[in-house]
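Here the structure comes first, spelled out in structure tokens, and everything after it is commentary.
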Amino acid sequence: MRAALAPGVRLLRALPRDSRYRGLTLVLTFLSYTSYHLSRKPISIVKSQLHPNCSALGPNPHNDSNSSTWCSWAPFDGDNYKELFGALDNAFLVAYAIGMFISGIFGERLPLRYYLSGGMVLSGLFTALFGLGYFWNIHVLWYFIVVQVCNGLVQTTGWPAVVACVGNWFGKGKRGLIMGIWNSHTSVGNILGSLIAGAWVSSAWGLSFIVPGIIISIVGIICFFFLVEYPEDVDCNPPLHHVMTTSEKDPEAVISNEGPLSLSGQSSVDHSNSPKEPAEEPEAISFLGALRIPGVVEFSLCLLFAKLVSYTFLYWLPLYIVNIAHFSAKEAGDLSTLFDAGGILGGIFAGLISDYTGGRATTCCVMLVVAAPMLFLYNHVGQNGIGTSIAMLIICGALVNGPYALITTAVSADLGTHESLKGNAKALSTVTAIIDGTGSVGAALGPLLAGLISPTGWNNVFYMLIAADVLACLLLARVVVKEARGWCGSMARQRGY
């Protein structure tokens with residue numbers, strides 16, 4: 001007697017073909033970038049173990065003269081350990097920022113599936129090599145720096161590829177909400193990376209890197225076998241990126257009335273207008289051509305400062321909690337995941353609000369304005385009790401990561417399919433790389449500045465973060481004004497003026 005068809009299979013068969021493949025693309029790209037962030041997080045957890053408070057562990061069993069650092073891992077056992085940690089972060093992030101500008105160009109010209117899966121396997125290799133330094137008993141700084149640089153370069157394969165894949169499958173519609181939920185992979189990856197790294201940080205910190213390295217390599221292999229780049233590859237209908245309107249005849253009117261992001265570019269394949277379809281593979285956009293798209297420069301510069309704040313928390317929050325609240329390395333790592341949990345809520349909320357209002361820039365600006373005083377409060381009252389700390393971490397995570405998530409997902413996809421591209425879908429990866437690459441400059445500066453400023457006091461670090469939030473907000477002022485004019489014009493038309 002044969003068993004009935006599995007319920008899950010019956011559900012899949014009931015779904016339309018397009019929905020099945022869209023779901024598969026979302027799941028695979030979600031898992032891919034979750035594993036990217038999972039492999040980046042261990043360094044922030046392991047820092048406190050590379051230079052712990054040795055006096056709390058008792059006397060030096062080896063009777064060395066320097067008893068206060070006998071348990072530290074050389075070369076991070078000196079008084080300059082914070083600067084060395086900053087150098088490690090900076091090695092990865094500068095390489096990532098430089099590589100990102102190049103990565104988008106390659107991403108438009110190479111098969112995304114090969115590019116993404118190959119980058120993930122290499123990322124796993126270099127992540128594991130950092131951890132192998134523990135088992136190989138390596139104590140020279142250059143080894144860890146070189147591994148970080150190589151890892152930063154290969155990790156640039158991830159973001160342009162996954163955003164391009166999702167952008168190829170999903171049109172304008174509810175892109176903000178869908179990508180807001182999808183973008184939770186960043187925070188999920190940070191949370192999982194913290195928990196996995198924390199499991200071995202006190203016993204054998206090398207495994208805190210090796211296990212995430214294995215995970216990202218396995219996910220990369222899965223993507224190689226199952227990822228579908230374009231709907232046309234499996235005979236699915238491409239999404240409609242842009243709805244034709246009468247105002248399209250006047251591009252300036254479009255921009256002023258609806259805001260630069262309410263239009264996303266025409267469908268990547270327009271079957272109705274051209275019976276001959278002269279270009280199966282349109283020419284990839286140039287770097288300067290991508291910069292000319294309205295809104296790219298403003299959002300890129302805004303992301304520079306927004307990502308500066310986010311990545312400073314990513315790399316320094318566990319150490320801050322250890323120093324201020326005096327928790328253990330594992331406890332600090334677990335508590336820091338609440339910041340990322342808030343980031344999930346912030347990304348979804350930002351996407352939902354921006355879809356409803358049509359104001360991507362305004363949504364970002366409001367969240368950035370509110371984030372500045374919340375950062376000040378967290379530094380001054382966030383450690384007054386475990387309940388206060390949990391609440392402040394979630395609120396700060398939502399306000400800091402909400403704009404960052406919105407810009408790197410929905411905004412990038414909107415601009416990469418802007419109407420000025422005339423349906424050329426080959427710009428999405430380049431635009432995404434420009435925006436995230438510029439943001440990565442801030443991601444490199446944040447942890448570096450934190451390493452330089454923190455010896456003068458954590459208050460100064462938070463003042464730097466607050467200033468960055470304010471600058472990010474100011475850089476969007478022109479786009480916010482355009483969106484406001486668009487709303488006013490829309491209201492006037494509805495009233496018949």
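Just so you know, glycine gets a Cβ as well, placed from its N, Cα and C.
Per TrEMBL, compositional bias 'Polar residues' is recorded for 263-272. Among the features that TrEMBL reports, domain 'Major facilitator superfamily (MFS) profile' is placed at 25-485. For 258-279, the entry in TrEMBL reads region 'Disordered'. If you look up TrEMBL, you'll see 21-38, 84-107, 114-136, 142-170, 182-201, 207-228, 296-317, 361-378, 390-415, 427-449, 461-481 marked as transmembrane segment.
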| task | Find the average pLDDT over the domain 'Major facilitator superfamily (MFS) profile' (25-485) in the predicted model and report it. | result | 81
| query | Is the transmembrane segment (296-317) close to the transmembrane segment (207-228), in the sense of at least 3 CB pairs under 8 angstroms with a sequence gap of 6 or more? | reply | no
| message | Check the transmembrane segment (390-415) against the transmembrane segment (182-201) for contact, please; criterion is three or more CB pairs under 8 Å, pairs 6 or more apart in sequence. | response | yes
| request: Please figure out which one of 84-107, 361-378, 461-481 racks up the most CB pairs under 8 Å against the transmembrane segment (296-317). | output: 461-481
| query | Counting only residues 6+ away from its ends, which parts of the chain sit with a Cβ under 8 Å from the transmembrane segment (461-481)? | reply | 259-261, 295, 298-299, 301-306, 308-309, 312, 316, 320, 359, 361-362, 364-365, 368-369, 371-372, 375-376, 378-379, 400, 403, 442, 446, 449-450, 453-454
